[in-house]
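Database features, via TrEMBL:
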DOMAIN    420-485  domain 'HTH luxR-type'
TRANSMEM  30-50  transmembrane segment
TRANSMEM  62-82  transmembrane segment
TRANSMEM  94-114  transmembrane segment
TRANSMEM  120-140  transmembrane segment
TRANSMEM  152-172  transmembrane segment
TRANSMEM  178-197  transmembrane segment
TRANSMEM  218-244  transmembrane segment
TRANSMEM  256-274  transmembrane segment
TRANSMEM  281-300  transmembrane segment
TRANSMEM  306-328  transmembrane segment
TRANSMEM  340-363  transmembrane segment
TRANSMEM  375-395  transmembrane segment
Amino acid sequence: MEASRAEFESSDAREGLAPSALFDRPLLKYVGFALLLAWHYVLWFVPNFFFHTQLLDKSVTLSWVASLLLTAVFLFILAGLLGRKRHLSDHPIVLPAAMIAASSGTVALGFFPFHLAPAGLYLVAIIILSVSEATLWILWGERYACVKANFTINHIGTVFGITLFLCVFVASLLPPMITAPAAALLPLASGALLAFARKDEKRAFPVLLPRSATSSGFKNMLGVGFVTLLACAACYFLSCIIPWEVLPTGEDSFTFGILGGALFILVIAGIYTLSRNRLNIFKIYPALLIAIMVGFSLFLSSTFAYFPAFIVGIGVQSLFEVLLIMYFGILTTKGYATPALTFAMAGGFVRLGLAAGNSLALWYESMAVPVTQALTPPTCLAFMCLLAVVLVPLVRMEFSIVALTAAPPTRNEVEEICAEAAAEFGLSAREAEILLLIARGHTTNSMAEKLVISPYTVNTHIRHIYDKMQIHKRSELLNYLNMQRSDF
């Protein structure tokens, strides 16, 4: 018996020491996705990446805007095609295909002679990059849903901040001939880490809550998404309307801006980690809107304040992206929506905002200089007013945002969820009654006594409930009835 137990324990130890188990550790599980995010910024924020063209050439800028729009479109298309029942990770060929497409598209874009080729030709490279990026985003979202990732700022913020800083910094030091091939390794590494992590065979997705129970949560998701879209549009208009020629760092300003963004993320993650009371990170949203208003104020005040205003615009935008990933990621693990939809919204809203802000700045720059100078200050003031207007409902939404990510449900909420789950999954009246008793913590025997039936009959009803709801054990059912809430 002792030998058997020793064998069992050694087997567990071997399993725990398996290489794939390393990526279940809080910090390491986000490395692969952080590499995917860093790849996006290396492509478009490092001047050395483009061998034949300047980073701020108009053709590159238009390609960047097209990439943002197409990635957002493909994210939402994939989420719509998958629906509530299907998952992209069910198709093994998708991951290697996306990795190869992203890597080859990266090399092609880096060495592409923009001025010599027709626009339609490099649009093909942009489409390939956009499709592969959207695919990898959703694949990582599905992975995090399966492992029920917590998305805490001290974990994802630390990993993303360090990875982004190191990747962009190293890429900025490489010679142009090497930068694009080196950047092409990032999606390969991200995909390889995803394939490696999948070896633990964790394929169980969170059970989706009934649509009627998630309507208020989905409204909050849309509200936060549109606020982020507006904020990112404001950030990028602020950054792009500033003439890069007058900045002390010249064409490298975007590199310094995103390095500053990485440091912003690390500072926020450090403050949250060191704070004793662990305030909910999503309470920082109003402060970020105020930070953007400060950036506009710096821009309007003096040309000497252009550089700090530029850093504020780029840095706050990158922080918004991390917060949106965290917020939607948490709601994914709680069953409010599919990982495809939540990660499509997390990536799509940010990219649509960046594209809108950059497009508006490009339109202004295409006008005569006196017209641009006349329109820019009132547009900045209009953005500040819009942010101030949005700030009021955002503060009112703060309680709902925090409640969705942390607070346990009330007794009435549990009863409502049980009733909606019974209707959603077609439970019988007796099964609905037993479901409510399970939610209230009753054992099999206590339910049998209360309903005046045998424990065997109770267990039969429970098995029927599990089958209809596609749940495998009591703890999963309780998490579901608890609306998957925990302290994040």
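Any Cβ shown, glycine's included, is placed from N, Cα and C.
TrEMBL does not curate its annotations; it predicts them automatically.
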Contact yes or no, the transmembrane segment (62-82) and the transmembrane segment (120-140), 3+ Cβ pairs under 8 Å, gap 6+: yes
The transmembrane segment (256-274) touching the transmembrane segment (152-172) per 3+ Cβ pairs under 8 Å rule: yes
Among the ranges 30-50, 178-197, 281-300, 306-328, 340-363, the one whose Cβ pairs under 8 Å to the transmembrane segment (218-244) are most numerous: 340-363
Proximity of the transmembrane segment (375-395) to the transmembrane segment (281-300), 3+ C-beta pairs under 8 angstroms: yes
Most Cβ pairs under 8 Å with the transmembrane segment (30-50), selected from 178-197, 256-274, 281-300, 340-363: 178-197
Tertiary contacts of the transmembrane segment (281-300) (same chain, 6+ residues out, Cβ under 8 Å): 152-153, 224, 227, 231, 234-235, 238, 241-242, 268, 272, 306, 308-309, 312-313, 316, 319-320, 323, 326-327, 377, 380-381, 383-384, 387-388, 390-391, 394-395, 398, 401-402, 405
Intrachain neighbours beyond the transmembrane segment (178-197), with Cβ under 8 angstroms and 6 or more residues off its ends: 19-20, 23-24, 29, 31-33, 35-36, 38-39, 42-43, 46, 48-51, 95-96, 98-99, 102-104, 106-107, 109-111, 132, 136, 139-140, 143, 167, 170-171
For the domain 'HTH luxR-type' (420-485), mean pLDDT (0 to 100): 83
